[in-house]
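A short worksheet on the structure shown next.
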Amino acid sequence: MNSSVTEFILFGLTQDAGKQKAVFGVFLILYLATLLGNFLILVTIKTSKTLGSPMYFFLFYLSFADACLSTTIAPRLIVGAITQKNTISYNECMTQVFAAHFFGCLEIFVLILMAFDRYVAICKPLRYTTIMSQHVCSVLMILSWVGSCIHSSAQIFLALRLPFCGPNVIDHYFCDLQPLLKLACMDTYVTNLLVVSNSGAICTVSFIILLISYVVILYSLRNHSAEGRRKALSTCTSHFIVVVLFFGPCIFIYTRPPTTFPIDKMVAVFYTIGTPLLNPLIYTLRNVEVKNAMKKLWCSKV
């Protein structure tokens with residue numbers, strides 16, 4: 001790393017004093033709600049004896065990834081909204097790049113595993129317990145962690161190679177490669193291609209895989225009973241809403257040439273703060289088993 005910059009200044013969502021107070025209040029509430037919602041799911045799945053299926057095993061790790069992704073980004077945004085100069089050291093910035101991509105990629109892999117679980121449950125019900133055994137699920141999760149580590153390591157490798165020799169104001173509310181590329185004093189065309197081939201490819205290919213899996217699932221439902229179709233559609237609809245809300249913004253940000261738009265920060269809010277908040281709501285409000293398990297657990301505690 002050849003850089004004279006030791007810290008960066010995060011521009012945040014806005015520099016307007018009045019709007020910053022609103023950002024502080026709104027995002028503090030959203031962050032606390034995210035932590036509470038995901039914590040409830042984590043505790044409920046961990047303690048409930050009725051939520052032992054692979055779907056809830058993966059949902060546990062989805063909530064874990066959501067809570068960690070939100071914690072990687074939201075606190076600095078919230079604190080920065082009430083401080084006049086939101087600075088972040090070079091090392092902290094690189095750590096944030098790694099953590100954001102690690103937990104973001106982990107969420108992508110978990111969503112794929114959840115779609116695969118639904119595919120096996122609906123299309124191969126007689127072999128479900130054999131294919132989705134506890135051992136297989138554990139191995140799949142380990143591979144997801146390893147894959148996430150490889151992805152984020154590639155991202156941090158690209159970030160560490162960027163030289164910074166002057167401007168240090170990041171026009172964003174967290175450290176990411178796209179805004180950092182704008183500050184680098186070098187030709188970043190090749191680096192951006194590598195970012196697109198890494199983050200962009202993971203987002204796009206994963207989204208296509210998920211779409212295909214849901215099309216196959218919907219096609220196979222024609223042979224099921226009306227009650228079976230209703231239950232399967234309810235579960236798959238929840239999954240599909242999460243997929244669209246997460247992958248839409250990710251594809252918009254990571255699969256284009258090295259250009260930035262004013263709307264980028266608001267789009268990023270969807271997958272860094274919005275999705276981690278909505279996932280617990282979507283999976284609890286549309287899932288009777290989770291709601292019943294929560295009522296049983298927390299009513300007994302009270």
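Glycine is no exception: its Cβ is also placed from the backbone N, Cα and C atoms.
Remote same-chain residues near the transmembrane segment (22-43) are listed as 12-14, 59-60, 63-64, 66-67, 70-71, 74-75, 77-78, 81-82, 273, 276-277, 279-281, 283-284, 290, 294, 297 (criterion: CB distance under 8 Å, separation of at least six residues from the stretch ends). The transmembrane segment feature in TrEMBL is assigned to 22-43 (among others).
Residues annotated as domain 'G-protein coupled receptors family 1 profile' in TrEMBL: 37-283.
Counting only same-chain residues 6+ beyond the ends of the transmembrane segment (55-78), those with a CB under 8 A from a CB of the stretch are 10, 12-13, 23-24, 27-28, 30-31, 34-35, 38-39, 41-42, 45-46, 86, 88, 96, 99-100, 103-104, 106-107, 110-111, 113-114, 117-118, 121, 134, 137, 141, 144, 173-174, 235, 272-273, 275-277, 279-280, 283, 290. The transmembrane segment annotation in TrEMBL covers 55-78 (among others).
What TrEMBL records for 98-116 (among others) is transmembrane segment.
The transmembrane segment annotation in TrEMBL covers 136-158 (among others).
Marked as transmembrane segment by TrEMBL: 199-221 (among others).
Residues or ranges marked as transmembrane segment in TrEMBL: 233-254 (among others).
Sequence-distant contacts of the transmembrane segment (266-285) (same chain, six or more residues past either end, CB-CB distance under 8 Å): 13, 27, 30-31, 33-34, 37-38, 40-41, 59, 62-63, 66-67, 69-70, 73-74, 77, 100, 104, 107, 172-174, 176, 238, 241-242, 245-246, 248-250, 252-253, 291, 294. Residues or ranges marked as transmembrane segment by TrEMBL: 266-285 (among others).
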Which residues of the same chain, at least 6 past either end of the transmembrane segment (233-254), have a Cβ under 8 Å from a Cβ in it?
55, 104, 107-108, 111, 114-115, 118, 178, 195-196, 199-200, 203-204, 206-207, 210, 214, 217-218, 221, 264, 267-268, 270-271, 274-275, 278-279, 282-283, 286-287
